[in-house]
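**Q** Following this message is one structure expressed as structure tokens.
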Amino acid sequence: MRLVLVGPPGAGKGTQAQLIASHLHVPKISTGDIFRKNVADDTPLGRLAKQYMDAGDLVPDEVTIAMVRDRLAGDDVRDGFLLDGFPRTVHQAVELDAMLAEAGARLDVVLELVVDDDEVIRRLSGRRTCADCAHVWHVTYDPPTVDGVCDLCGGKLFQREDDREETVRHRLEVYYQQTAPLIDYYAARGILEGIDAMGPVEEVTARAVAALRHWSR
């Protein structure tokens with residue numbers, strides 16, 4: 001099965017991507033992993049991407065698409081894959097369709113993790129990170145014994161800039177602006193499946209797996 005997983009920040013996409021891919025026995029492919037491997041292996045694409053990242057710029061679509069194309073040529077994806085973090089735009093989606101068509105394949109389904117904005121804000125703005133060991137706690141879901149102090153090492157806990165409520169709200173706005181056309185694109189093709197991402201991790205995974213049974217027939 002070939003699928004794409006999309007969802008807003010705080011939807012648990014990384015966790016679900018790993019669990020769903022494991023259930024399907026297909027590789028989880030994330031753009032972050034692809035970037036890191038290309039940079040670590042000092043490939044021509046990795047060197048090019050690093051130039052942009054070091055300058056604080058976004059890696060151009062052409063470089064990202066080329067990296068994904070290389071990855072999808074691997075032997076381990078012949079029976080399927082789960083893409084996490086790609087495509088992000090309609091342009092990238094069209095390029096992905098073209099890549100797969102060249103190989104005589106197609107995308108089977110796009111899973112969209114659907115979660116309430118207020119829940120995303122609760123999940124992310126409640127996170128506290130240890131300044132010493134970098135362990136992440138949560139003021140509601142996984143609080144330390146002593147407020148502001150890490151149970152593991154006694155380090156001071158702080159709130160990352162990315163986890164501040166106003167930053168989270170802005171990230172959500174950007175996500176919806178960028179992703180709405182992509183969601184419409186896949187909905188028009190009839191391969192979009194919404195998954196309720198509220199509740200415990202294992203319940204969300206169970207919903208996704210149940211939905212995928214329909215698409216694997």
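FYI, residue positions are counted from 1 along the chain as it appears here.
Even glycines carry a Cβ here, placed using N, Cα and C.
As the structure is a computational prediction, the values presented were derived from the model and not from experiment.
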**Q** Of the candidates R127, R128, which does Swiss-Prot annotate as part of the ATP site that also includes G10, A11, G12, K13, G14, T15, G199?
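**A** That ATP site, as Swiss-Prot gives it, pairs G10, A11, G12, K13, G14, T15, G199 with R127.
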**Q** With Swiss-Prot as the source, identify the stretch among 30-59, 60-89 annotated region 'NMP'.
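**A** The range carrying the region 'NMP' annotation in Swiss-Prot is 30-59.
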**Q** Using R127 (ATP binding site) as the reference point, find which of the binding-site residues T31, D57, C133, C150, R160 has the shortest Cα-to-Cα distance to it.
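**A** Going through T31, D57, C133, C150, R160 one by one, the closest to R127 (ATP binding site) is R160.
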**Q** Give me the Cα-Cα distance between R160 (AMP binding site) and C153 (Zn(2+) binding site), rounded to a whole Å.
**A** 19
**Q** Here's one to test understanding: among the binding-site residues V59, R88, C133, C153, whose C-alpha is closest in space to the C-alpha of G10 (ATP binding site)?
**A** R88
**Q** How many other Cβ atoms sit within 10 Å of the Cβ of R88 (AMP binding site)?
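**A** Counting Cβ neighbours of R88 (AMP binding site) within 10 Å gives 16.
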**Q** Using DSSP and collapsing to three states, where does C130 (Zn(2+) binding site) fall: helix, strand or coil?
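**A** Going by the DSSP assignment, C130 (Zn(2+) binding site) falls within a strand, counted as strand.
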